[in-house]
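This report concerns only the one structure given below.
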Amino acid sequence: MSGAALGLEIVFVFFLALFLLHRYGDFKKQHRLVIVATLLAWYLCFLIVFILPLDVSTTIYNRCKLAVNSSPAESNGSYVTLAPSKQKCFKPWSYIPNGIMPIFWRVVYWTSQFLTWILLPFMQSYARSGGFSITGKIKTALIENAIYYGTYLLIFGAFLIYVAVNPKFNLQWNQLQTIGIAAANTWGLFLLVLLLGYGLVEIPRSHWNGAKRGYLLMKTYFKAAKLMTEKADAEENLEDIMEEVRKVSESIKYNHPLRKCVDTILKKCPTEYQERMGRNMDDYEDFDERQNSYPSEKSLVKLHKQVIYSVQRHRRTQVQWQILLEQAFYLEDVAKNETSATRQFVHTFHSQEPENKIIQYFYTPTVEWYWECLLRPWFYRVLAVVLATFSVIVVWSECTFFSTRPVLSLFAVFIQLAEKTYNYIYIEMACFLTIFFLSICVYSTVFRIRVFNYYYLASHHQTDAYSLLFSGMLFCRLTPPLCLNFLGLTHMDATISHKNTQPTAYTSIMGSMRVLSFIADGFYIYYPMLVVILCIATYFSLGTRCLNLLGFQQFMGDSEMTSDLIDEGKELIRREKRKRQRQEEGENRRREWKERYGNRDDSTRNRVVHTDQKESSFSETNANRSLSKYTRSNGRTERDRIELLQDAEPLDFNADSVNDDPLEAESGRYQPGGRYLSMSRSKIFDDV
């Protein structure tokens, strides 16, 4: 099993990152480089989280083996003996051979740092650029990132000059590398504590509120009112941008040098706008540079950028509105079915997507009723209590992990108890649950936050390229300090435990933080205590109240604005529900009409054809000419009757010309002289 666990986790994490990226991104419409870069950033960050418990168990085994094989005289104080010299160490099932983990961590860490500080910021500007060529987009990206890169180069250059001039410092390359890593981790830890303090409170509270049907329904109404405002704003913005595109398309004709740029912009517009602009376009009109003023290429680049943004925003709001409607209808169905005596879940509307037959077989209406109306609220309450317990343990450990005698961090206590018995499965499970919960609290906050319309991770393939790349940057900056914080909570970091023991492979790549003592002994230890203040602020919704005072409507139960938006959203949902009910009733009437009268026409046609065939066969087999004559006359009479029935319009012999189209005289009235005049060109039976 040596290395098998590492290989399995590498494959599993890849498909996990691919699944999440497929949920938020759009593989068909977005650029391949954006998809690859975001997938690589997410994959590396998730990989660090899943592989670190294996590094911990391997390090504990190496410490045991070193303590058993060495005596106190041979060790010379270089390692602390953790077990008696005669105790036998058992190799863990997930043991990774020496030399693999340091190389693995070095490749993963420096690749993620290259992505977050160099490649992803450049690709963000490239994705948002409105240039019409690759060279133009690269030029725009370089100009936008000149200040970003120049600031870091200026700080780094000033630091190098200070070190070179000051004779007290004799830094080597490894120390400079450690300082760079410490600077990046310090920035990441600053952001990590902010996101962690929010997630530790909000995740248990959201699951607890998930058990309240009325709360979820009121919040859905609130979201509907806000989303309708955003949807109307997106439609208005799109109309304005399309009007500008129409003016540019009409002014720049087919033989203008910038016509290719206009065609590129038109391809990004929705189909209905393209057809509308195409009908108003006269390709045979020449342009005259002296008489007309034409937009410049720079203005077309700006217009192209606005078109991409407005179309993406309009499409996203449309999809989110449909998803929110389905959610609101479902919550209303749950509220109605809670008082059902039959204990079978009844949906107001049928699902538009075909359901899996296996799911339909097991997830029957009775099972659905018991889960949605009875079991699910209790499940969410129990899960919320468990998550709240984990949050309390994390907050306590963050405030006490610097204490080594006695050990107050609960995670460190759990790991040290398992280390005494070398129960590697328990060690790996405890480490995995700890770092997984920390990652959920941090990463879920990244998925929830929204910076106006510039950064927003929307599910169902509605996230733009800029937001995907920005999320990759955040993950790459947050994951290394998250792992160091986890190692500090479990006292696996020598900087925290103050023990001269063998470090983990991940800590050895980070280097010794003793080079910057004020960071190692100050910031890394005392700054995580701020998570207590952030948790208290999140519990009392101080951030939500501040945003509400600034004019950003937030869901607050004791606010008059919230009540007004809830009523508005309820009316919007009711209106959409009536609209969908009328559509389904119309479809049902058309289906019933088709089944009733369509089948009757088919049966009449089949009966007539069968009679004709019967008469024909009878006339051929009969030898008597008289009988054959009568049979043929009967067949001829039947065929004449059929032709009369199929004739849609009687012939008008007094008319000047004969109309061959029977539909034009389908509904008319008789006039003197034998004429039938049509009552209206818009047929009165079209609705039927």
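Cβ coordinates are placed from backbone N, Cα and C, and glycine is handled just like the others.
The transmembrane segment annotation in TrEMBL covers 6-21 (among others).
Below 8 angstroms of C-beta separation, residues 6, 9-10, 12-14, 16-18, 20-21, 25, 27, 104, 108, 111-112, 115-116, 119-120, 123, 127, 431-432, 435-436, 439, 465, 468-469, 471-473, 475-476, 478-480, 482-483, 486-487, 506 of the same chain, each at least six residues beyond the ends of the transmembrane segment (33-52), sit close to that stretch. The transmembrane segment feature in TrEMBL is assigned to 33-52 (among others).
What TrEMBL lists as transmembrane segment is 103-126 (among others).
According to TrEMBL, the transmembrane segment annotation covers 146-165 (among others).
Sequence annotations record features per position, and here TrEMBL assigns transmembrane segment to 177-201 (among others).
Counting same-chain residues at least six beyond the ends of the coiled coil (224-251), those with a Cβ under 8 angstroms from any Cβ of the stretch are 262, 265-266, 269-270, 273, 276-277, 280-281, 292, 294-295, 300, 303, 306-307, 310-311, 313-314, 316-318, 320-321, 324-325, 328, 553, 565-566, 568-569, 572-573. Annotation comment: TrEMBL describes 224-251 as coiled coil.
The transmembrane segment feature in TrEMBL is assigned to 378-396 (among others).
Residues or ranges marked as transmembrane segment by TrEMBL: 425-446 (among others).
Residues of the same chain lying 6 or more positions beyond the ends of the transmembrane segment (523-542) and with a Cβ under 8 Å from any Cβ of it are 186, 189-190, 193-194, 196-198, 200-202, 205, 391, 394-395, 398-399, 401-402, 484-485, 488, 495-496, 513, 556. The transmembrane segment annotation in TrEMBL covers 523-542 (among others).
Feature annotation from TrEMBL assigns region 'Disordered' to 576-688.
The compositional bias 'Basic and acidic residues' annotation in TrEMBL covers 582-617 (among others).
Look at TrEMBL and you will find 618-634 tagged as compositional bias 'Polar residues'.
The compositional bias 'Basic and acidic residues' feature in TrEMBL is assigned to 635-644 (among others).
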Query raised in the report: Can you name the far-off residues of the same chain, 6+ from the ends of the transmembrane segment (103-126), with a Cβ under 8 Å from a Cβ of it?
Result: 6, 33-34, 37, 40-41, 44-45, 47-48, 51, 55, 137-138, 140-142, 144-145, 148, 152, 184, 466, 469-470, 472-473, 476-477, 479-480, 505-506, 509
